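Visitor: So that we are looking at the same thing, I have put the structure below in structure tokens.
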């Protein structure tokens, strides 16, 4: 084999490795369009945690993350975060209990979450935006698949401004006193062996109707599968806070 043939084979191997690497991961772009700094958190549900599980994003900033497939996990935003003199890091909304910018667990409600099951049944990606555990930030998930753009998921309305007082979470020392920083879900997780009954009960609740009306492209109760979950074959995701 001459030198040119060796180079050609080497190039083909490198191209194949590169293609396999790209095919085995999903590209995520996390965007902060909010007026304030937020601290996105990421949680892996069934495998080892990602190298990046939490970081700061100033207003107007974005961060690109490559996530290996298959992957099941969540993405959310933390707000009104501070670090005290001892280094303890806490947030008024979306706090994950790690006392650090990196997260080792899921967020405390109320919080808006994007949920993903990448390369799941039939090799498809399943995704949604959920306000089942309440709301703290508007969020949009945009997806680009091999055949074009897939359906978007999200809750684009700032529910904090329209949150009934009984469901409101107010800021204390870390924000303006009286400012609504999150909104609890009026339905919550109902205990029942009959999912259809729970879904029907939630749909009849006034506060649940507020969530459903404001966020028609998001999960608003635990059994919203027909409305909330979307499917695509994709490798590119854009998660935008305050779209």
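Start at 1 and count along the chain as shown; that gives each residue its number.
Keep in mind that glycine also has a Cβ here, set from the backbone N, Cα and C atoms.
From TrEMBL, for reference:
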- 34-242: disulfide bond (DISULFID)
- 81-91: disulfide bond (DISULFID)
- 96-103: disulfide bond (DISULFID)
- 150-232: disulfide bond (DISULFID)
- 155-215: disulfide bond (DISULFID)
- 163-183: disulfide bond (DISULFID)
- 1-23: signal peptide (SIGNAL)
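In terms of burial and nearby residues, how do these features look in this structure?
Guide: DSSP assigns residue 242 (disulfide bond) to coil in the three-state reduction, outside any helix or strand.
In the three-state DSSP scheme, residue 91 (disulfide bond) falls into the strand class. Long-range neighbours of residue 91 (disulfide bond) (same chain, six or more residues apart, CB within less than 8 Å of its CB): 39, 78, 79, 80, 81, 82.
DSSP assigns residue 103 (disulfide bond) to coil in the three-state reduction, outside any helix or strand. Remark: residue 103 (disulfide bond) has 41, 42, 43, 53, 54, 96 as non-local neighbours, by Cβ distance under 8 Å and separation of at least 6 in sequence.
Long-range Cβ contacts of residue 232 (disulfide bond) within its own chain (separation 6+, distance under 8 Å): 124, 125, 127, 143, 145, 150, 151. Under DSSP, residue 232 (disulfide bond) is assigned to a strand (E or B) in the three-state scheme.
In the shown protein chains, 24 other C-beta atoms lie within 10 A of the C-beta of residue 215 (disulfide bond).
All protein chains included, residue 163 (disulfide bond) registers 23 other Cβ atoms within 10 Å of its own Cβ.
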Visitor: Are there any residues at least 6 positions away along the chain from residue 242 (disulfide bond) with a Cβ closer than 8 Å to its Cβ? List them or say none.
Guide: 32, 33, 34, 35, 137, 138, 158
Visitor: Measuring Cα to Cα, tell me the gap between residue 215 (disulfide bond) and residue 163 (disulfide bond) in whole angstrom.
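Guide: One finds 13 Å between the Cα atoms of these residues.
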Visitor: Quick one: among the disulfide-bonded residues 34, 155, 183, which has the most Cβ atoms sitting within 10 Å of its own Cβ?
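Guide: Going through 34, 155, 183 one by one, the largest Cβ count within 10 Å is at 183.
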Visitor: Can you tell me how far the Cα of residue 155 (disulfide bond) sits from the Cα of residue 183 (disulfide bond), in Å?
Guide: 13
